[in-house]
Amino acid sequence: MNTQILILTLVAAIHTNADKICLGHHAVSNGTKVNTLTERGVEVVNATETVERRTIPRICTKGKKAIDLGQCGLLGIITGPPQCDQFLEFTADLIIERREGNDVCYPGKFVNEEALRQILRESGGINKETTGFTYSGIRTNGVTSACRRLGSSFYAEMKWLLSNTDNAAFPQMTKSYKNTRNEPALIVWGIHHSGSATEQTKLYGSGNKLITVGSSNYQQSFVPSPGARPQVNGQSGRIDFHWLILNPNDTVTFSFNGAFVAPDRVSFFKGKSMGIQSEVPVDTNCEGECYHNGGTITSNLPFQNVNSRAVGKCPRYVKQKSLLLATGMKNVPEIPKKREKRGLFGAIAGFIENGWEGLVDGWYGFRHQNAQGEGTAADYKSTQSAIDQITGKLNRLIEKTNQQFELIDNEFTEVEKQIGNVINWTRDSITEVWSYNADLLVAMENQHTIDLADSEMNKLYERVRRQLRENAEEDCTGCFEIFHKCDDDCMASIRNNTYDHSTYREEAMQNRVKIDPVKLSSGYKDVILWFSLGASCFLLLAIAMGLVFMCVKNGNMRCTICI
């Protein structure tokens with residue numbers, strides 16, 4: 001029992017005030033919450049937004065060849081109604097359509113017009129070439145009051161073919177055009193549906209009318225349908241415009257006996273452009289690459305929540321209004337000095353959770369105390385290593401989204417040319433895919449950033465531990481108690497990775513021998529106390545048994561066993 005009293009006295013009497021160096025990381029009082037693959041609302045030191053929500057309410061055209069069609073509808077640049085006379089040939093990389101724009105003058109429609117619009121929006125402008133068609137025995141100057149210039153006129157790029165005189169027979173004719181260029185040609189023709197059978201006879205003579213159009217990959221016959229219809233622009237008749245893309249060295253042939261609106265010129269495309277439908281004004285003083293009906297999106301972010309129908313070099317549209325990308329480490333706000341001890345590598349996460357709000361010069365750093373006082377310094381090497389790996393995360397995220405979604409976008413662009421309005425449904429489906437992938441990509445990057453920051457912290461800890469070796473002891477709070485006097489120069493050598501443990505080894509070993517026997521945690525004290533108590537009890541029992549045995553042997557004690 002005297003042994004127990006001696007140990008307790010030594011523990012209470014001997015006190016160590018060793019020099020100490022601690023490792024920690026930058027922290028802020030209020031961080032930003034992000035989502036990772038495994039957890040939502042993880043607080044980090046800093047983060048950046050990846051979803052653009054702002055737009056410029058103007059069409060920015062600085063540095064671009066932009067064409068504002070105004071009252072001219074996009075399809076009108078092919079046929080040439082009066083409102084489109086100034087746009088029959090042009091070059092542009094941005095085509096702006098307005099709601100007031102009209103494709104026709106004489107009432108009618110374009111067949112498969114959405115596909116044709118898509119082609120023209122991407123055309124880069126057009127130039128034209130005459131078909132070279134000549135006619136005899138008919139009139140080629142049909143006009144209408146619906147298409148007015150100085151007076152009645154017609155589509156500038158079309159010929160309205162009529163009988164030589166009213167009610168006269170229209171002769172059977174065949175006309176052919178061969179595309180001799182090394183690029184596709186766009187050819188448009190019309191079928192006239194008169195307001196009545198009487199009007200059709202007056203214009204084209206009596207009898208059934210038939211128009212046949214054929215090329216190597218196109219064959220179609222048309223029969224006009226005369227009949228009463230509501231008047232539009234003073235006309236009850238209609239013209240249906242049809243079109244085809246004629247490949248190089250291919251020939252298209254038209255056979256007809258009336259009710260045919262013939263092409264006078266064919267169109268060729270000049271390059272690449274994009275088209276937008278918008279009512280906002282044009283601004284030649286600002287630049288842009290991404291447009292929508294409400295203006296221009298100027299952003300380097302990978303995603304946008306402005307408009308799902310934006311065109312050009314645009315961030316990908318997602319449903320989320322915000323997706324924060326972590327650009328800093330996990331935030332652990334600084335705890336007051338009398339804080340609960342945290343485990344180091346014994347903890348589940350293995351992360352040194354020492355957040356220091358005063359560490360502003362770097363992500364990772366040191367605090368020390370010695371005879372000269374206390375100090376704090378950042379570790380620039382580990383900080384730079386982490387920054388180098390995190391810098392460019394936003395650009396890498398943009399690359400991932402472009403590579404992942406561009407193929408889908410191109411695939412559905414082809415579908416749009418074929419089935420027109422079905423693209424509205426497919427785009428909604430694509431938005432769902434983009435939104436899911438955006439969420440996943442940002443969460444993956446955030447997970448990587450946090451894991452990376454943890455890794456750099458642990459690397460720094462291991463670097464210090466390997467330097468100090470047996471000259472110091474870990475205290476399970478991210479600190480090392482040093483068993484020798486370590487002035488500011490010594491502390492600097494630990495931080496700079498130039499510490500020589502052999503220089504201080506002898507002093508450290510001497511101090512370790514003095515400190516170790518009495519530097520016991522409460523758990524070890526309990527073990528020693530119980531061991532000492534057990535040993536004392538065993539010794540007393542052995543003495544008692546020895547006395548009993550001697551008494552029995554000498555006859556001073558008798559033991560009787562009764563059964």
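Note that Cβ sites are derived from N, Cα and C of the backbone, with glycine treated the same way.
The signal peptide annotation in Swiss-Prot covers 1-18.
The topological domain 'Extracellular' annotation in Swiss-Prot covers 19-526. If you take every residue in the topological domain 'Extracellular' (19-526) and average the pLDDT, you get 85.
Under the heading N-linked glycosylation site, Swiss-Prot lists ASN30 (among others). Long-range Cβ contacts of ASN30 (N-linked glycosylation site) within its own chain (separation 6+, distance under 8 Å) are none.
The 10 Å shell around the Cβ of ASN46 (N-linked glycosylation site) contains 14 further Cβ atoms across the protein chains shown. Residues or ranges marked as N-linked glycosylation site in Swiss-Prot: ASN46 (among others).
Sequence-distant neighbours of CYS286 (disulfide bond): residues of the same chain at least 6 apart with a C-beta under 8 Å from its C-beta are ILE56, ARG58, CYS60, LYS62, THR296, THR298. DSSP classifies CYS286 (disulfide bond) as coil under the three-state reduction. As annotated by Swiss-Prot, disulfide bond applies to CYS60-CYS286 (among others), with the evidence given as sequence analysis.
Feature annotation from Swiss-Prot assigns disulfide bond to CYS72-CYS84 (among others); the stated evidence is sequence analysis. When Cβ atoms from all protein chains are considered, those within 10 Å of CYS84 (disulfide bond) total 27, not counting its own. Secondary structure from DSSP puts CYS84 (disulfide bond) in a helix.
CYS147 (disulfide bond) falls within a strand segment according to DSSP. For CYS105-CYS147 (among others), the entry in Swiss-Prot reads disulfide bond, with the evidence type sequence analysis.
The N-linked glycosylation site annotation in Swiss-Prot covers ASN249 (among others) and is backed by sequence analysis. Mapped onto three states, the DSSP output places ASN249 (N-linked glycosylation site) in coil. All protein chains included, ASN249 (N-linked glycosylation site) registers 11 other Cβ atoms within 10 Å of its own Cβ.
The local packing around CYS290 (disulfide bond), expressed as other Cβ atoms within 10 Å of its Cβ over all shown chains, amounts to 23. Here Swiss-Prot flags CYS290-CYS314 (among others) as disulfide bond.
Here Swiss-Prot flags ASN424 (among others) as N-linked glycosylation site.
In sequence order, ASP19, ILE21, HIS368, ASN370, ILE494, TYR504 are the residues of the chain that are 6 or more apart from CYS486 (disulfide bond) and have a CB within less than 8 Å of its CB. Feature annotation from Swiss-Prot assigns disulfide bond to CYS486-CYS490 (among others).
Taken from Swiss-Prot, the feature N-linked glycosylation site applies to ASN496 (among others), supported by sequence analysis. ASN496 (N-linked glycosylation site) carries neither a helix nor a strand DSSP state and counts as coil. For ASN496 (N-linked glycosylation site), other Cβ atoms within 10 Å of its Cβ number 12.
Residues annotated as transmembrane segment in Swiss-Prot, with sequence analysis given as evidence: 527-547.
Geometry remark: CYS314 (disulfide bond) versus ASN46 (N-linked glycosylation site), CA distance 26 Å. For the pair CYS147 (disulfide bond) and ASN249 (N-linked glycosylation site), the C-alpha distance works out to 35 angstrom. Taking each of the disulfide-bonded residues CYS60, CYS314 in turn and counting other Cβ atoms within 10 Å of its Cβ gives the largest count for CYS60. Of all Cβ atoms in the protein chains displayed, 25 besides its own lie within 10 Å of the Cβ of CYS72 (disulfide bond). Between ASN496 (N-linked glycosylation site) and CYS105 (disulfide bond), the C-alpha separation comes to 82 Å. Counted within 10 Å of its Cβ, the other Cβ atoms near CYS490 (disulfide bond) come to 19, all protein chains included. Here the candidates are the recorded positions ASN46, CYS105, ASN249, and by Cα distance the one nearest CYS290 (disulfide bond) turns out to be ASN46. Neighbour density around each Cβ, counted as other Cβ atoms within 10 Å, peaks among the disulfide-bonded residues CYS105, CYS147 at CYS105.
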